[in-house]
Amino acid sequence: MLTEHWLAWLYWNPPREAFTLPFIDHPVMWYGICFITGFILGYFIIVPIIALFVNQSKHLSSMDIQDWRSLVNQLKTSSSPLIQKCQNALNRQERQKLNSEIQPLNISSDLKNALLIKLNTILKENSIQRKDLEQAFQGAITSAKQISYFLADRLCWFIVFGTLIGARLGAVFFYDWNYFKSHPLEIFEVWKGGLASHGGALGVMLALFFYTSYIKKWTPTLSFLRVLDFVAIPSALTAVFIRIGNFFNQEIIGTPSAYPWAVLFAQPADGSLPIPRHPVQLYEAFAYLMTFFLLFTLWKKCNTCLAAGTYAGFLFIFNFSSRFLLEFWKANLDSILTNPILQMGQLLSIPFILFGICLVWRKQNWQNLFCCHR
């Protein structure tokens, strides 16, 4: 039966190296290109997501004030109705401090705190948005776009380190501990391969926890679950490119298949026989792509009207449910388990699915999910 479909199968044997860097003579792998492409695209997705959160935020901190001197001068001289409203909100003592700043080069911390309190009081009114204050105090209040780049730049570094460290340790402890316990120094040789997505997910979550603590001094209203939501949508897209990278590397291959769309991997990374198999890497990439479109559509419709953690919850449910099901079409991977009923990837997916259900299964979420519109 296998020979009947021979002409329909894709023979897959691309070079793992895309090119070699000049001068240092170091090969650049297709997997690395896919990995970096996913991160770069994810960065440009996460910036507008953060910008929307900043725009809708009802809190200003010292980070949001770009030029205190300009702010004070405009409060003293501008005839803008909104600025006049801010000025009228000041008490007598605060107005005296404001007017005493003849050359406001070194504005007192007391006056800064007082002005921030008044600006936040006005911002909490339903009719006032952050963009209104940005337009009124031109050049004095940092734009939401600038802040989103500031937050995204730092967030990406946390994600990169969390992904690499978590994915590497996940591969070491979940899949190949028997080897690495005898070769501990090789744990640091990440360039030789050996990354696990579940470990990467745990590493990113831990990194986001540290990021939230780090960023609190600038954005005290930003919670861990909200940051998790920021990362959810680009993570789904990044996962697509990672699986495409696995396809180039001929790793994480599927079980033997006689279907017309089967792929004959000529040089599987695990050294197995070059026979037609399910291109399970592409199955996963497609599933993650559908998750990305679903989350992106939901964000365009509801953005921040859903409770914090909802987008991350959907990501965990859909991505790891897909992973759980598609493991049945994957060739068995070495792991610390002996004669398991389920593969390691399936067992590790279950806690993420349950955590996702906990994040989504909240009453206010279902009300907002079907009522929000743009």
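Any Cβ shown, glycine's included, is placed from N, Cα and C.
Summarising the annotation, Swiss-Prot assigns transmembrane segment to 33-53 (among others) and lists sequence analysis as the type of evidence.
Residues or ranges marked as transmembrane segment by Swiss-Prot: 155-175 (among others).
Sequence annotations record features per position, and here Swiss-Prot assigns transmembrane segment to 195-215 (among others). Residues 151, 154-155, 158-159, 161-171, 173-175, 222-224, 227-228, 231, 235, 239, 242, 323, 345, 348-349, 352 of the same chain lie 6 or more positions beyond the ends of the transmembrane segment (195-215) yet place their CB under 8 Å from a CB of it.
According to Swiss-Prot, the feature transmembrane segment maps to 222-242 (among others), an assignment based on sequence analysis.
According to Swiss-Prot, the feature transmembrane segment maps to 279-299 (among others). Same-chain residues lying 6 or more positions outside the transmembrane segment (279-299) and placing a CB less than 8 Å from one of its CB atoms are 10, 45, 49, 232-233, 236-237, 239-241, 243-244, 246-247, 251-255, 261-263, 306, 311, 314-315, 318-319, 322-323, 326, 329-330, 369.
Under the heading transmembrane segment, Swiss-Prot lists 306-326 (among others). Same-chain residues lying 6 or more positions outside the transmembrane segment (306-326) and placing a CB less than 8 Å from one of its CB atoms are 197, 223, 225-226, 228-229, 231-233, 235-236, 239, 280, 283-284, 287-288, 290-291, 294-295, 298-299, 345-346, 349-350, 352-353, 355-360, 362, 364-365, 368-369, 372.
The transmembrane segment annotation in Swiss-Prot covers 341-361 (among others).
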